[in-house]
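Colleague: My structure is below; once you've seen it, I'll send some questions.
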Amino acid sequence: MIMSCRSRDLSSHSDVPCTRSFPVLPEKSMPVPSRARVYADVTMKKPREYWNYEAHQIEWGNIDDYQLVRKLGRGKYSEVFEGVKLPSDEKIVIKILKPVKKKKIKREIKILENLRGGTNIITLLDVVKDHVSRTPALVFEYVNNTDFKQLYQTLSDYDIRFYLYELLKALDFCHSMGIMHRDVKPHNVMIDHEKRQLRLIDWGLAEFYHQGQEYNVRVASRYFKGPELLVDYQCYDYSLDMWSLGCMLASMIFRKEPFFHGHDNYDQLVRIAKVLGTDELFMYIEKYHIELDHRFNEILGRHSRKRWERFVHAENQHLVSSEAIDFLDKLLRYDHQERLTAREAMSHPYFAQVVQDNLRNAEAKAPETPASASLSTAASNNSLGNGPQV
């Protein structure tokens, strides 16, 4: 259930013991509300049916149009198969959902329909239901993915920049549509390296952003959970996805997978604090009036902020640059308000060469119009000295 940020009373936690290192908050303190720095009012401007997924009427296709070929994998909420569409034998992917609340299924379908056609978003082709079990299944475009554990070890510095830029296109698009992915991680980023094509998949945990609302913190995978989730701050926003992207960047450039390797959700915050520092963590929780779980008293300790350069070694130094360090530093921030947005990230110098190449490729693909043809002819004449000199 989504509640207002302002309505959450943490007074039930007033018996949490404090130590010298923990900020002392006023009794009955409530967390300070937070508003997304971008796209905060997108859903407010959309018609109710855009985000009211509980009322969404699913249009069911025919399951007999598809045939399973082989199992690709399984997750907490689904099993995924390679399949074919009949009679064309076109390759597709079929995601058979495990029994979950109908509301969750409707949310995933509604979000996928809203995002259909978006840059680097996996395309939902159909929704079908088994004749006997009535189990729903989602049909997607096929991506010839290379397992990230193999692929990431072979990527060059430029490849990493290229694919992260492609991922940012997907994130900026979904954020601009008022949607948080909430499970950004390598497993959910499909890469066809031959085609240099990327798709952001698995929208099962995605949610609409409504300004001033509280959300469930039991989202994202442990190694990619933002600090806001680990300290139970429920008024989060799109910036959660940017933390996860930062974790991916760190693991790719430092060749350390995962970068923050916690044994549980409590240890996960400790691993983060050992890099970003405990003083900085306390500044964050003081700013938003967050009360830390008492279990952190024994395990958190005191840690100074580490320089990113400490993670550079002979095997990864070819992937690390001053721009990469600066970019990473602007993503992995405790304070979600301080993280770069997806759009800001795309303008970072780390991507300068990728942006330049994208523009060059776009110009090369653009058909020459009569107007542009005449301009290029005029330019050619000028260069030969046949035209007017300006």
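A Cβ is built for glycine as well, from the same backbone N, Cα and C atoms used for every other residue.
As the structure is a computational prediction, the values presented were derived from the model and not from experiment.
So TrEMBL lists these for the protein:
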DOMAIN    66-351  domain 'Protein kinase'
BINDING   K95  ATP binding site
REGION    363-390  region 'Disordered'
COMPBIAS  367-384  compositional bias 'Low complexity'
Colleague: Could you tally the C-beta atoms, other than its own, that fall within 10 angstroms of the C-beta of K95 (ATP binding site)?
Modeller: 23
Colleague: When DSSP states are folded down to helix, strand and coil, where does K95 (ATP binding site) land?
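Modeller: Reduced to three states, the DSSP call for K95 (ATP binding site) is strand.
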Colleague: Across the whole of the domain 'Protein kinase' (66-351), what does the mean pLDDT come to? Round it, please.
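Modeller: Averaged over the domain 'Protein kinase' (66-351), the predicted model reaches a pLDDT of 97.
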